[in-house]
Amino acid sequence: MKVRILNEPINVELSRIAADKSISHRCAIFSLLSDKPSHVRNYLKAGDTLNTLDIVRTLGAQIQERGEEVIITPPEKILEPDVVLECGNSGTSMRLFMGLLAAQDGFFVLSGDKYLNRRPMARVAKPLVAVGAKIDGANEANTAPLCIRGKKLERFKYDSPVASAQVKSALLLAALYSNGCEFSEPELSRDHTERMLKGMGAKIKTQGASIALEPMSTPLAPLDIDVPNDPSSAFFFAVAACIIPNSHIVLKNVLLNETRIEAYKILQKMGADIKFKEISGKYESIGDIEIRYAALNAVEVSENISWLIDEAPALAIAFANAKGTSVLKNAKELRVKECDRIAVTVAGLKKCGIKARELEDGFEVSGSDASCAIIDSHGDHRIAMSFAVLGLKCGMIIEKSEFIATSFPNFVSILRKIGASVED
């Protein structure tokens, strides 16, 4: 993909951004917790979430599409499949299904593409095994394919050493089908699972970063939901408005969950003019985000990292356009995402002439003028999109840009809508 320099301000209202990926995954998986059809409007039809929907179908659900609505009718009982459950490039799918299937009667095999099958899964497998699940795979169940022999678990208490929505969600799903649990983490991670379970009628109590969950004695209520726009996807265009002088963007109908808008608040700390307007929300807070261009200043970021881990590469682009040297710390998880996002982000910035260096758990970036470069995305959709945004300032050629479709299939069309010249 080739992005040319944008020589004019961005002035646009965006309403058709990618639907939220985290919510879409959960809508598909959590529909299995009910005995009635779930109605999901604006489901994200991207590679990762379509794989999740395919797995739900393989486990026995019937899926109908009526325009923008997906209707998911769950089976009476989750089926034992006679095929491998393919998660594609989605770590979220694999880790959440690990928890769900760990408590089901049957034998299940989860696998993914060559990139996902290299990513570490022990961070979820080990906690599940510690509470009684039977999971096996290569490298002591650290890499897929993963084999799961499901069974009902005893009630458990688990204090997670890391704040991770995927660890938390996997354990809660396993506990829901078993005998319940008590769970805690060092700080609150994304809380979509707790909110959606509560909205469906699960007996769940939350206090800060602690959760008490009772087992599911009867099926939960079905979902009836309009999936909001994804703040992580929308963030690329927030950064674009912050680095292209005199720009003004309104991002419509965006998920405003506090655990998902931390990156926007970092931009505010850097001097960005950003306003939030809450409008509605059944399971979650939803509204609009308005961004006007303002000069950015350097910042140090070391808290609530689990709330902005997906936005870190795009945040690095904002750092590169700020006055001074910015630092991101306590983000070691970036090294085990779709690629080593610390190393790849820093290498890409250096190729563009930006002074940047790796830290063990983050990166340091000094703002300066960037130059056009050829960037290898390493098959990481967020790396590709982040450097596409930087390309609006200096031009950019991005290799393996096809992976953008795993989360944001209309990203290029929105780039063109804001005035960019893009060659696929």
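Even glycines carry a Cβ here, placed using N, Cα and C.
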Lys21, Ser22, Arg26, Ser164, Gln166, Asp310 bind 3-phosphoshikimate per Swiss-Prot; candidate in Lys2, Lys329, Lys332, Lys337 listed for that same site: Lys337
Greatest C-beta neighbour count within 10 angstroms, which of the binding-site residues Lys21, Arg26, Arg119, Arg341, Arg382: Arg382
Those binding-site residues, out of Lys21, Gly91, Arg119, Arg382, that come within 10 angstroms of Asp310 (3-phosphoshikimate binding site) at the Cα: Arg382
Largest inter-residue Cα distance among Lys21, Gly91, Arg119, Gln166, Arg341, Arg382 [record-listed phosphoenolpyruvate binders, Å]: 19
Lys337 (3-phosphoshikimate binding site) and Lys21 (phosphoenolpyruvate binding site), Cα-Cα, nearest whole angstrom: 16
